[in-house]
Amino acid sequence: MSTFKTLDDLGDVTGKVALVRVDLNLPMQDGAVTDDTRIRAAVPTINDLCEKGAKVLLLAHFGRPNGERVSTMSLSMVVGAVEKVLGKEVMFVPEIAGPVVEQSVGILRPGDVAILENTRFWKGEEKNDPDLIKAIAANGDFYVNDAFSAAHRAHATTDGLAKALPAYAGRSMQAELEALDKALGNPVKPVAAVVGGAKVSSKLDVLKHLVTQVDHLIIGGGMANTFLAAKGVDVGKSLCEHDLTGTANEILAAADSSGCTVHLPYDVVVSKEFAANPPSLRTCNVHEVAADEMILDAGPAAAEALGDVLKTCRTLVWNGPLGAFEMAPFDAATVALAKTAAALTIEGTLTSVAGGGDTVAALNHAGVAKDFTYISTAGGAFLEWMEGKELPGVAALLV
Ligand code: ADP
Ligand code: MG
């Protein structure tokens, strides 16, 4: 794995100022934080730095204020939630650079924490502007990036600062990079990838990259319909991108030439209406879908066969559910395969890494998210990583 410095590489930082990029883009409703997962993800890094006696300045963005001060997007709103999780007082600083930050640093004692204002209130953040980077860096001694979820952006606080100051990966960033390296960077073979979800068009680059990297590519969800159509299967009224069947065939050919076996379902669960437990529900062979039916899940035989594929593999990377898992019983194949992956992980034969908003929801629904080796909550950054792209925020940390 390409190397980066971690908090273990820090010397004596007593009284030194750490500029720490975290993810505080928290889900909020009526001014209250509804899910503190992202705050909890930052705790190991914050506590580690506090114990080392640093003064911790947290940098984060919230929403899309587009370079303007928008009071409803002020990070002052999350201070209470962060204090609750950390169990101590946190100072709020309504700037990210300049004399106000300098004075605040003077007031902070070693081990204290402050949250600076929403970095996206300044136009220079998203422009990775050298003047802004210099101004922020002037108040810090070193930089820590603990926001993998923002690493696909080359912004001042994700990229520029890492080059302006000695840079370190925080604990969450470190865990994410180590897990991703085990899944696709330097995986134990054979490797399986599950790619599902609604549309091929949203994950074309993921598919193109994966066929060159993995031994088994399992395609599910609405995406499978486009591939089935490309193979001449009549998918009826299923969600299907008929204009992409040519692309699907190219991906199948690329898989073939790089020795990647593509798995598509051969039995499916169909219905005439897009609803939970519909009266027209039935399971059939993929070649028996009627013109007025929709494929909404992989069938039980396919789910079992896919489980058998996982039993022959040592590494799994998963993005996208196998069916419309939000409605019963179209969650069945996703739940079954998730349970198999979890059991193999517990037995120790499989390293399992999953990511994606709906994927994490589906694995939680199956009750197995905790059993996977690693679950990424990074969304866009996770997908760009699955596309094989270099993430600027990660590249900037490499030594
Ligand atoms: P993620 O957020 O994990 O990247 P996606 O957003 O790509 O996943 O896909 C999830 C969505 O795909 C879910 O809303 C699910 O209902 C939908 N989906 C899966 N299979 C089908 C299908 N056969 N027909 C219609 N929608 C489907
Ligand atoms: Mg989604």
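The backbone N, Cα and C atoms fix where each Cβ goes, glycine too.
Annotations in TrEMBL come from automatic prediction, not curation.
The record from TrEMBL ties Asp23, Leu24, Asn25, His61, Phe62, Gly63, Arg64, Arg120, Arg153 to substrate, and of the options Arg38, Arg40 it ties Arg38 to that site too.
According to TrEMBL, Lys203, Gly356, Gly357, Asp358, Thr359 bind ATP; the candidate from Glu176, Glu178, Glu326, Glu384 that the record adds to this site is Glu326. Sequence-distant contacts (6 or more apart, same chain, Cβ under 8 Å) of Lys203 (ATP binding site) comprise Val195, Gly197, Met223, Asn319, Gly320, Leu383. Cα distances from Asn25 (substrate binding site) to the binding-site residues Glu326, Gly357, Asp358, Thr359 are smallest for Gly357. The distance from the Cα of Arg38 ((2R)-3-phosphoglycerate binding site) to the Cα of His61 (substrate binding site) comes to 13 Å.
In the three-state DSSP reading, Thr359 (ATP binding site) counts as helix. The Cβ neighbour count for Thr359 (ATP binding site), using a 10 Å radius over every protein chain in view, is 25. Ranked by Cα separation from Asp23 (substrate binding site), the binding-site residues Arg153, Glu326, Gly356, Asp358 are led by Arg153. The local packing around Arg120 (substrate binding site), expressed as other Cβ atoms within 10 Å of its Cβ over all shown chains, amounts to 24.
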